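Trainee: The following feature annotations were taken from TrEMBL:
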- A:9-404: domain 'FAD-dependent oxidoreductase 2 FAD-binding' (DOMAIN)
- A:14-19, A:37-52, A:Asp221, A:Glu387, A:403-404: FAD binding site (BINDING)
- A:His45: tele-8alpha-FAD histidine (MOD_RES)
- A:His242, A:Thr254, A:His353, A:Arg398: substrate binding site (BINDING)
- A:Arg286: active site, proton acceptor (ACT_SITE)
Amino acid sequence: MTIPVRRFDAVIVGGGGAGLRAALQLSESGLKTAVLSKVFPTRSHTVAAQGGISASLGNVQEDRWEWHMFDTVKGSDWLGDQDAIEFMCRKAPEAVIELEHFGMPFDRLENGKIYQRPFGGHTQNEGEAPVQRACAAADRTGHAMLHTLYQRNVRANTQFFIEWMALDLIRDEDGDVVGVTALEMETGEVYNFHAKGVLFATGGAGRIYAASTNAFINTGDGLGMSVRAGIPLEDMEFWQFHPTGVAGAGVLITEGVRGEGGILLNANGERFMERYAPNLKDLAPRDFVARSMEQEVLEGRGCGPNKDHVLLKLDHLGPDIIKQRLPGIREIAIKFAGVDPIKEPIPVIPTCHYMMGGIPTNYRGEVVIPKGDNPEARVNGFYAAGECACASVHGANRLGTNSLLDLVVFGKSAGDSMVEFIKNEMPTWKPLPANAGQISLDRIARLDNQTGGEEVADVRAAMQRTVQARAAVFRNSENLALGVKEIQEVAERVKRTQIKDKSKVFNTARVEALELENLIEVAVATLISADARKESRGAHAHADFQQRDDEVWMKHTLYYGEDRRLTYKPVHTKPLSVEYIAPKVRTF
Amino acid sequence: MKTARFSIYRYDPDKDAKPYMQDYEVELSPTDVKLLDVIVKLKAMDDTLSFRRSCREGICGSDAMNINGKNGLACVTNVADLKQPIELRPLPGLPVIRDLIVDMTQFFKQYHSIKPYVINDTPPPERERLQSPEDREELDGLYECILCACCSTSCPSFWWNPDKFVGPAGLLAAYRFIADTRDLATNERLDNLEDPYRLFRCHTIMNCVDVCPKGLNPTKAIGKIKDLMVKRAV
C-alpha cells in the first residue's frame, strides 16, 4: 500500500509553546512549514501553566542573569548542562520582552513595567534571599503566553494541520531524519510528511503516573517515536513532583501562591518548611519542598482523616491579593477542592508534574546522540524543544517558571538552527526510504486485527499504578527492581491491546491505543534509568543511596529502547562565557 | 447517588445513516465527581463513544458540550448537580463530525477574521511597552477566553448566520485588542465590524454570558464596541 506524501521544508510536531515559537522563526524565514498538532494549538498543555516565566528583568529588585544561572544550576543539582543554562538565562530578558511586544497581557507594576513575583529557588546573589523574577499574567501565565503565540502565528499565516497525530519518525539509511508519518484524525488517513527538517515539540508524558497535574494529551508521543526510531532518551529517571497538587484531584495549584506569601502547614498547624529550609522556607525548590511534605506525612503529621496531605494556607493574603493575583487558583480550589482559599486552606499533595529528561539535544535544539567516540553527534534533520527535549537546562530538578522560559528560548533557538540547516545544507530533499511509514501502518493494522486482547484503559491503569508505586518521590532499591520487572510485564500487555472501535472517523479509541504505545516506552525508560542510578540527586531521592555522588554519577543517563540498555555521557561543565559553577552541598 | 443514567447523542458517519440517542448507566465511585470523570469511565466501557478532552481543569476548552440543554465544559461540571438521565449532545449549530465532536472551522474562521493579535507598527522599544495597571485592568474579563465555543454555539444569531456574524467569542476577542493600549488599530478594527451582520446581529439575548464557563461577559464587550462605533460616527 502506498502512503500519500506531503512535502514541506520543515515539519513541526506539536503546537504548544515551543512548537509555536519555533513556527514563527520558520514562517518568517519563508520556508514552507507545517505544524502538526493532535489538538487545536491553544488546547496544548502550555495553557495550564500558571505562575510565571522567569527573566532577570530586575523590575522590582536588582537581578542579574548570572544569579538566575546560578539558581538554575543549583536547582538542577548540578546535572544541568552549564552551556545550555547560561544560554537560557542570558536570553531570558529578551525572550520575555519579545512576548510583551507580541501582545502578551502581563500584569503591570505602578511604573508600567512587567510585574514580577518571587518563585521557588530563585534568589538574589546566589542564595541570599528570594528575588522577584517570575513575570506573570495573574496566575494564567501559560494561557496568556500560548494564546499570544498562537495569535502571532495567525498573523504570520503559519500552516497548521490540526488534529493530526504524528505516529512515527522517518529516518533513512544514513540515520538522517527525512520526515514523519501522521494520522489525520478526522478521516483516519495516514500520510508521510517528507521534510528537510523535523522538530519535535510534543511536550511531556506525565500520564505515565496515576496522579498527575498533566493533561490527558501528555502521552510522550515524541519520546515514543524517538525510541522506536533508535534515538535514546536522556535522564528519564528525573520526574518532578509539584508540591501543590490538589489532594485527590491532582490539579495544579501554582507555586506562585507561595510566591505571593502562601505557606504550607502540617496537622499541628506548624509552618514546617522553616525546619527544612531555614532560609528560603516555602520557596525552596520543588524537589526539596515535595520531600519535606512527604516526610511530614510519613511521620504522622499529615492532615485530614487519613493524615495523607498538608494544607496550603493563603487566607492571610487577603481577598484583594487573591482576587487580583491568584484568581485562577481560587477558581480551581472552589471547583476541585471544594474550598474557597479566601477563607480556608487548600489540601495539597506532591503530584507528578514535569519530565526533566527527554530527547537529547544541545542548546541549539539539535538532537545529539552518541556515535563512535563522539557522545553528542548531530542527527541530521532532527530537532527537539520544550518538555520533550533534554537540553539539559533542568538537570535533576527544574525550577518553577523555567519551563515557560525553556519553551520560548529553545523553540526559537531550534527554529533558527533548522532554518540555517535547511538553507545551508539541504538544497533538496533526501529521498524517503522505500518502507517509509510502514511501521505506522503495521501498528494500525495490528490494532484493527487484534482479537482476544486487553482493553487499553485496563493496561494503561496497570502502567500508571506501577509507575506511581515504584518511581515516586522516595525511591529504594527493592521497589525500583520490582518496578523494572513489573513495567516490562505491562509492556508485553501493551502489545496485545484491543479496541472495539474500528471506525475511520475521529477514532479516539485508536488514538488512545497509539498513545499508550508511546507512554509505555517512557514508563520503561523511567524505571530502568531510575533503577540504575545509585545516588540521590534532585528529584531522584534514593533511600539506599542518600547522598549525591559526583565522582561516579555526575553524568547523564541515555536509555535505548531496542535492547533496553543504558549508556552515560558527561555533563557539560563548561559554560559559554562565564566561570564553571562547581558542585556544592545543596541547602536552602 | 450510586449510579448515573445518560442519554447521549451518537453519530458515526462511517456506519450510521442518521444520529440517535444511546442510553448508558454507570456506577459512580467517590472519585467520579466531574461529568468528565464519568464519561471517561463510560468510554472505558464503550470505546466507540467519542469526545474531545485534554486538561480536565477548565483551561484548554476542549470538552465543551451541550449538557441537559445547556452548553458547558464537562470537566468543571459536577455530576451530582445534574438531573438524570443526563442528556449530552454536541454543541449546537456546528456540523457534527462524530458523536460529541463538532467541526469548529467556522468558529475559528470568525475568530481569525477579527485579526486576533496586537497591531502596532511603531518600532518596538528595547524594553517592554509600558502599560499602567489601570490600563492593563481593561483586559481583565477579555483575555481569559479559552475558545471553547460554548458562547457562540448558544447564540441564535450565530446559529442563523455563522458565516456572517462574528459571534460572541470573536467579538470578545475584538474588544480585547481594541481595549489594549498597545494596539493602534482601533479604527481599522471598527471598520472591520461595521456591517449589518458582523457586529450588529447581536440582539443582546445574553445566552453567551449565561453559559461562559470562565464567567466572561461577551455582551458587555459587544456593547462597548457598539458605543465606540456610535462615538466615532458623531
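The backbone N, Cα and C atoms fix where each Cβ goes, and this holds for glycine too.
Curation plays no part in TrEMBL annotations; they are all automatic predictions.
From a predicted model like this one, the values you see are computed outputs, not experimental measurements.
Any idea what these are sitting next to in the structure?
Mentor: Following the DSSP three-state reduction, the secondary structure of A:His45 (tele-8alpha-FAD histidine) is helix. On its own chain, A:His45 (tele-8alpha-FAD histidine) has A:Gly16, A:Gly203, A:Gly204, A:Asn214, A:Ala215, A:Ile217, A:Asn218 as residues at least 6 apart in sequence with a Cβ closer than 8 Å to its own Cβ.
According to DSSP, A:Arg398 (substrate binding site) is assigned to coil rather than to any helix or strand.
DSSP classifies A:Arg286 (active site, proton acceptor) as helix under the three-state reduction. Sequence-distant contacts of A:Arg286 (active site, proton acceptor), defined as residues of its own chain at least six apart whose C-beta falls under 8 angstroms from its C-beta, comprise A:Gly120, A:Gly121, A:Gln240, A:Phe241, A:His242, A:Pro243, A:Glu255, A:His353, A:Asn397, A:Arg398, A:Leu399, A:Gly400, A:Ala539.
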Trainee: For A:Thr254 (substrate binding site), identify the closest of the binding-site residues A:Ala18, A:Val39, A:Arg43, A:Gly51, A:Ser403, judging by Cα separation.
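Mentor: Among A:Ala18, A:Val39, A:Arg43, A:Gly51, A:Ser403, A:Gly51.
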Trainee: Run through the Cβ atoms and count how many others sit within 10 Å of the one on A:Thr254 (substrate binding site).
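Mentor: Result for A:Thr254 (substrate binding site): 30 other Cβ atoms within 10 Å.
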Trainee: Mind giving me a neighbour count for A:Val47 (FAD binding site)? Other Cβ atoms within 10 Å of its Cβ, every protein chain shown.
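Mentor: Neighbour count, Cβ to Cβ under the 10 Å cut-off: 27.
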Trainee: Including all protein chains shown, what's the count of other C-beta atoms within 10 A of the C-beta of A:Gly51 (FAD binding site)?
Mentor: 31
Trainee: Max Cα-Cα distance in Å among A:His242, A:Thr254, A:His353, A:Arg398, the residues listed as binding substrate?
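Mentor: Max Cα-Cα spread across the substrate binders: 14 Å.
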Trainee: In this predicted model, what is the average pLDDT of the domain 'FAD-dependent oxidoreductase 2 FAD-binding' (A:9-404)?
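Mentor: The predicted confidence over the domain 'FAD-dependent oxidoreductase 2 FAD-binding' (A:9-404), as a mean pLDDT, is 97.
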Trainee: Name the binding-site residues, out of A:Gly14, A:Ala18, A:Thr254, A:His353, A:Ser403, that lie close to chain B, meaning a Cβ-Cβ distance under 8 Å, keeping sequence order and answering 'none' if none do.
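Mentor: Cβ contacts with B: none found.
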